[in-house]
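Enquirer: Got these off Swiss-Prot a minute ago, pasting:
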BINDING   Gly86, Ala87, Leu88, Leu89, Asp90, Thr110, Thr111, Lys123, Lys132  NAD(+) binding site
BINDING   Glu165, His229, His243  Zn(2+) binding site
Amino acid sequence: MRRFFYRHTRGVTEVVVGRGLPYGEYIERPVVLAEEGLRPPIPGAPTLVLRGGEEVKSLEVLTKVYSFLKEVGADRSTTLVAVGGGALLDLATFAAGTYMRGIRLVHIPTTLLAMVDAALGGKGAVDWGPVKNLVGVFYQPAAILCDLSWLETLPERVYRSAFAEVVKYGLALDGDFYSWVRENAKALLARDWGALEYAVYRSLQLKAGVVEVDEFEERGIRQVLNVGHTVGHAVERVLGLLHGEAVAVGIVAELRLSSELGYLRESHVAEAAEVLSSLGLPTSVKATEQQLAEAAALVKFDKKRRGGHIYIPLVVRPGRWILEKIAVEEVEKAVRYVLHQGG
């Protein structure tokens, strides 16, 4: 078992990574939001079971959560425990941050992607109609309990897709960790628990370091967490890939962009593509001409766009990055680099 703490405006968050974690040591007066189909993590605690996926992040479901908290007598001494994937954790963060102006929150992520990404950062949101994350808060959990036991039955494709985020942390923030991931790809795919524990732990340490210095996205430093996501989001929406698969494709596209701009050696692009492939992730995707055009067009609506440019975090070498203003046309070229015509 590994643990660390990170600081923020509300105090300190404890992060624990291991197998068979003793939840009771970290939680007092729990009420639980649990994703449908999961075993009850805290027997006897009042529990509201919800569906997983993006649909849970609605005002209708949020109202249901508020009603549940009121019915069970939740107050500011209560701990809201969120058990599930990233979407449910987002909803729970919003609910905890707004119910009675804030109650204690503990995250128990049950997918690898949620462990290395959504569980840490303090972002909570619900969607408004077709607009994702339109209404949101920053609200840090008191604890994040990454129990690797949940991953034993995670479907293989879903499991593998999360490694795109792990590779991202190494590429952008820690060259030594990137080398470690490259050398331990087989162990990670085999679900070697020692390797997996370190991968989750180090990924969260790196993300926490960013959150500590730019908790509210005011300094531009947190932009580094978007490496691979500018192109990745467009590819995800058009081709229906899993989030991690789309990020993997986006990483290759944005590394190629960095190389063409003279920041990154071409050999690093090829190496990263090889690492992602070794983890079972795509590095390019077949697309129709229409899909290619749609993905390129979506880049124009990226939230980081300012006029005819998009601010993109570019890796300049493993472990180092810069925030660069890139012409939209250049980003569209990057999309076309990883989407090749296949229908």
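Don't overthink the numbers, they just go from 1 along the chain as shown.
Glycine is no exception: its Cβ is also placed from the backbone N, Cα and C atoms.
How buried are the listed features, and what sits near them?
Expert: Cβ neighbours of Gly86 (NAD(+) binding site) (same chain, under 8 Å, six or more residues apart in sequence): Pro109, Thr111, Leu113, Ala114, Asp117, Ala118, Ala119.
In this structure, His243 (Zn(2+) binding site) is part of a helix by DSSP.
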Enquirer: Fewest other CB within 10 angstroms, which one of the binding-site residues Leu88, Asp90, Thr111, Lys132?
Expert: Lys132
Enquirer: Once the chains shown are all counted, how many other Cβ atoms turn up within 10 Å of the Cβ of Glu165 (Zn(2+) binding site)?
Expert: 25
Enquirer: Check the Cα-Cα distances from Asp90 (NAD(+) binding site) to the binding-site residues Glu165, His229, His243 and tell me which is shortest.
Expert: His243
Enquirer: Measure from the Cα of Leu88 (NAD(+) binding site) to the Cα of every one of the binding-site residues Glu165, His229, His243, then give the nearest.
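Expert: Minimum Cα distance from Leu88 (NAD(+) binding site) across Glu165, His229, His243 lands on His243.
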Enquirer: If you skip the near sequence neighbours and keep only those at least six away, which residues in the chain come within under 8 angstroms of His229 (Zn(2+) binding site), Cβ to Cβ?
Expert: Val247, Gly250
Enquirer: Write out, in the order they occur in the sequence, the residues of the chain not among Glu165, His229, His243 that have a C-beta within 8 Å of the mean position of the C-beta atoms of the recorded Zn(2+) site.
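Expert: In sequence order, the nearby non-listed residues are Leu113, Asp117, Ala164, Lys168, Gly228, Gly232, Gly244, Ala246, Val247, Gly250.
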Enquirer: Roughly how many angstrom lie between the C-alpha atoms of His243 (Zn(2+) binding site) and Lys132 (NAD(+) binding site)?
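Expert: One finds 14 Å between the Cα atoms of these residues.
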